[in-house]
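Participant: Below are the features listed in TrEMBL for this protein:
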type: ACT_SITE; residues: TYR49; note: active site, proton donor
type: BINDING; residues: HIS108; note: substrate binding site
type: DOMAIN; residues: 16-263; note: domain 'NADP-dependent oxidoreductase'
type: SITE; residues: LYS74; note: site 'Lowers pKa of active site Tyr'
Amino acid sequence: METYTLNNGKKIPKFGLGTFRVEAGESAYDTVKLALKIGYRHIDTAIMYGNESDIGRAIRDSGIPREEIFVTSKLAKHYDGDIVLIKEALDKSLKTLNIGYIDLMLIHWPDHDHHINDLIWKIFESYYQEGLFKSIGVSNFQIHHLENLLKKAIVRPVMNQVECHPLLSQVPLQKYLTDNDILMTSYGPLARGEVFTGKTHEVLEEIAKQYGATVAQVIVQWGLARGIVMIPKSVHEERLIENFKGQELVLAPEDIEKINQLNRGRRLYSDPDNNINFL
Ligand SMILES: NC(=O)c1ccc[n+]([C@@H]2O[C@H](COP(=O)([O-])OP(=O)(O)OC[C@H]3O[C@@H](n4cnc5c(N)ncnc54)[C@H](OP(=O)(O)O)[C@@H]3O)[C@@H](O)[C@H]2O)c1
């Protein structure tokens, strides 16, 4: 699989599988097993998704060497900055996944008190130094959250995973991240289905038709062409394959620009500045 190089020299597959709302139990196990068989080598999960155990089991049962698979997880709860509880949650994530180490651990959501973000980051840094997390990063951080974090961080975050799709292209945030040697992952690439409606769909479908591709594939490639990690979620074999094949598409620069023009700054998920958490 094609990879990007993170700012600590580690590689991350450019494309992966999202697993938010992939039900714990056989659904998560079967989906990940199937995705690995198709060729996926990057699985995105989180403590709050409740499916780490099944994902870990699918990875162990896959027969694929551990080092060939990249796993991201995320810490959502901040426990009011209680160090013992935060460490307990991180240890539990490692134990539940049971795959030795986590390739990338993210702070799932910025705390509105930046001292708590600093404190969690310090703990993340200690797990990173111990080799339990191979890389550490953040999610849903706005520029101001990162500016605060970078003042105290010893280890620079490698990643910011944020909502990003044709209706919210995140160009200014991506520029800031690039300037600071931090990669961006897009979540919600299909904008909760809004890319399949109205004017947005008309434009995307017209582009897709030119390439004999689907709208989902065009979006996957739009992100990859911008240097973004793409992690669409599906539990259906035909869609897992369809999304995976989006990696092969080559879009003309003018088509990428047409998609950029669809940006309306429209959030379909929570706004990190106005929600204390994303639930
Ligand atoms: N860091 C964060 O705060 C955060 C927040 C949200 C998500 N995420 C991560 O990002 C991943 C992706 O985001 P997401 O799951 O919210 O949204 P998404 O990937 O944009 O969309 C998933 C939805 O689209 C459907 N779908 C998938 N492929 C399709 C295709 N080719 N054609 C038509 N429909 C298709 C899926 O249905 P089926 O499953 O039925 O196919 C599912 O309902 C998550 O799974 C999670 O890992 C992170």
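Using N, Cα and C of the backbone, Cβ positions are placed for all residues, glycine too.
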Participant: Got a sec? Which of these recorded positions, LYS74, HIS108, has the most Cβ atoms within 10 Å?
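Facilitator: Result of the Cβ crowding comparison: LYS74.
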Participant: Where does HIS108 (substrate binding site) sit in DSSP terms: helix, strand, or coil?
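Facilitator: In the DSSP reduction, HIS108 (substrate binding site) maps to coil.
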Participant: Sorry to bug you, but what's the C-alpha spacing from TYR49 (active site, proton donor) to HIS108 (substrate binding site), rounded to the closest Å?
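Facilitator: TYR49 (active site, proton donor) has its Cα 11 Å from the Cα of HIS108 (substrate binding site).
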Participant: Taking only the Cα atoms, work out how far LYS74 (site 'Lowers pKa of active site Tyr') lies from the residue listed as 'active site, proton donor', in Å, as a whole number.
Facilitator: 9
Participant: Suppose we draw a 10 Å sphere around the Cβ of TYR49 (active site, proton donor). How many other Cβ atoms does it contain, all chains included?
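Facilitator: The Cβ of TYR49 (active site, proton donor) has 21 Cβ neighbours within 10 Å.
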Participant: Along the domain 'NADP-dependent oxidoreductase' (16-263), what average pLDDT does this model show?
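Facilitator: Here the predicted model's pLDDT, averaged over the domain 'NADP-dependent oxidoreductase' (16-263), is 97.
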Participant: What does DSSP assign LYS74 (site 'Lowers pKa of active site Tyr'), in three states?
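Facilitator: Looking at the DSSP assignment, LYS74 (site 'Lowers pKa of active site Tyr') belongs to a strand.
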